[in-house]
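Take a look at the structure set out below.
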Amino acid sequence: MFSLNHGGILVAMSTAMDDPDVLTEKKDINENMLGGKKVKIIFVLGGPGSGKGTQCSNIVEHFGFIHLSAGELLRAEINSGSENGTMIDTIITEGKIVPSEITIKLLQEAIIKGGNDKYIIDGFPRNEENRVVFESVISISPEFVLFFDCSEEEMERRLLGRNQGRSDDNIETIRKRLKVFVESSLPVIEYYESKGMVKKIDATKPAPEVFEDVKAIFTHMA
């Protein structure tokens, strides 16, 4: 399991947030950035092979959330052939990281167009920059972060055994992906845990047992 260490986390808070006028302005921005929609957003994080994709499908089916994946939105934009999609494809082809603003714009548009007020965002924020820009641009914090905690050994075993013919299902690439997750995504989880916003799931168990734990969280939320 990954161990969350709270040490070294600095949370900057502006004294201006105590000003009622600033609070009102923030509320207005929140409404405007999502087209006037009031929504509940849950971030879903977990390493590759943690099973979060399967559980996201279960959450959609049983609790009526819309499932948004930053990666899928980027791929859909590329496949659309739009000017924006061509730009994204060029960035990825050149081995560069897609700027947070582009990804968040796609998420924002999907939330505005979605016919729902409940969203799970899968695999996002990938890093602290994603988190900061999302909360700045959208001006909303998640209800909580659902973290599928799974040992690296178990994730390696699952990824090597899923036999989907993917080029990234080899031990060297898998370990690189796990390293990126630990270095980039765990600081996001640590930040939200410092605020008491992380709900950690033991994802080493069989999928049906994992979903029982997920159901307990969402049933309590409802």
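Numbering starts at 1 and runs along the chain as it is shown here.
Keep in mind that glycine also has a Cβ here, set from the backbone N, Cα and C atoms.
TrEMBL annotations: computationally assigned, not manually curated.
Residues or ranges marked as ATP binding site in TrEMBL: Gly49, Ser50, Gly51, Lys52, Gly53, Thr54, Arg162, Lys205. All chains included, 24 other C-beta atoms sit within 10 angstroms of the C-beta of Ser50 (ATP binding site).
What TrEMBL lists as ribonucleoside 5'-phosphate binding site is Arg75, Lys96, Ile97, Val98, Gly123, Phe124, Pro125, Arg126, Arg166, Arg177.
Positions annotated as CMP binding site by TrEMBL: Asn130. With a cut-off of 8 Å between CB atoms and residues at least 6 apart in sequence, the same chain places Ser100, Thr103, Ile104, Phe124, Val188 near Asn130 (CMP binding site), listed in sequence order.
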Chain-internal residues near Lys205 (ATP binding site), provided their CB is under 8 angstroms and they sit 6+ positions away: Asp213
Arg75, Ile97, Gly123, Pro125 filtered to the binding-site residues whose C-alpha is within 10 Å of Lys52 (ATP binding site): Gly123
Between Ile97 (ribonucleoside 5'-phosphate binding site) and Gly49 (ATP binding site), the C-alpha gap once rounded to whole angstrom: 22
